[in-house]
Amino acid sequence: MSFDKKERIILIGPMGAGKSSIGKSLALVSEKAFLDVDEEIVRYAKMSIPDIFATKGEEEFRNIESVVLEKCLKYDAVIATGGGIIGRELNRKLLKENGIVVYLLADVDTQYLRTSHDNNRPMLNVDDRRQRLADIFSKRDPLYKECADITIDSGKMDIHDCVETIIEKIRES
Ligand code: S3P
């Protein structure tokens with residue numbers, strides 16, 4: 001199953017696309033380390049993501065996210081990113097230059113279903129979460145596409161099939 005261990009694989013995509021769970025499984029199968037940018041942000045800031053948003057605001061969260069992304073990109077690992085990582089041009093440049101970028105696509109209904117019981121995502125602290133996800137997705141989809149080397153519809157496959165498909169596509173590319 002394993003391929004070149006030096007290849008860094010970066011997972012991007014909307015909230016609920018399965019970046020963390022697919023990333024962990026992909027890392028295991030491909031015998032790579034796994035890093036989750038959101039988890040590293042919490043470790044770096046020593047507070048939860050909702051607390052960062054509440055006390056420092058989104059802009060400061062994005063500053064921390066960029067710093068942590070740069071740190072994570074020093075490792076040859078499978079790296080799962082947060083859904084908003086592609087918002088900044090510098091982040092997009094870093095992603096494109098530092099690994100194979102896999103866009104995990106999931107339609108808005110899937111995003112909505114998978115995030116509906118979650119209170120750890122400040123971007124979804126609104127009354128109409130579905131509309132919010134749709135608005136965010138329409139803005140971000142072109143940016144995900146701009147960065148992606150490979151795109152996988154993770155809304156239509158289970159984790160195992162996603163991992164197999166990613167590995168196949170990387171081998172073909
Ligand atoms: C965000 C997505 C989250 C997290 C933060 C902001 C976003 O990550 O980084 O809550 O702006 O879409 P997930 O995509 O892993 O939920």
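Even glycines carry a Cβ here, placed using N, Cα and C.
In TrEMBL, annotation is done automatically, which means it is predicted and not curated.
The structure displayed is predicted, hence computed values, not measured ones.
Taken from TrEMBL, the feature ATP binding site covers G16, A17, G18, K19, S20, S21, R121. The Mg(2+) binding site annotation in TrEMBL covers S20. Here TrEMBL flags D38, R62, G83, R140 as substrate binding site.
This view paints the features noted in TrEMBL onto the structure.
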{"residue": "G16", "record": "ATP binding site", "Cβ contacts under 8 Å, 6 or more apart": "A106, T110, Q111, Y112, L113, R114, T115, L133"}
{"residue": "A17", "record": "ATP binding site", "Cβ contacts under 8 Å, 6 or more apart": "G83, L104, L105, A106, T110, Q111, S154, G155"}
{"residue": "G18", "record": "ATP binding site", "Cβ contacts under 8 Å, 6 or more apart": "L104, A106, R114, S154, I159, C162"}
{"residue": "K19", "record": "ATP binding site", "Cβ contacts under 8 Å, 6 or more apart": "L11, I12, G13, A80, T81, G83, L104"}
{"residue": "S20", "record": "ATP binding site", "Cβ contacts under 8 Å, 6 or more apart": "D36, D38, A80"}
{"residue": "R62", "record": "substrate binding site", "Cβ contacts under 8 Å, 6 or more apart": "G84, G87, R88"}
{"residue": "R121", "record": "ATP binding site", "Cβ contacts under 8 Å, 6 or more apart": "M15, I49, T115"}
{"residue": "R140", "record": "substrate binding site", "Cβ contacts under 8 Å, 6 or more apart": "P14, G83, G84, I86, G87"}
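Among the binding-site residues listed (A17, S21, D38, R121, R140), D38, R121 have a CB atom closer than 6 Å to some atom of ligand 1, in sequence order.
Annotation note: S21 (ATP binding site) sits in a helical segment as assigned by DSSP.
Of all residue pairs in the substrate-binding list (D38, R62, G83, R140), the one with the greatest Cα separation is 18 Å apart. Local packing around the Cβ, expressed as the count of other Cβ atoms within 10 angstroms, is greatest for G83 among the binding-site residues S21, D38, G83.
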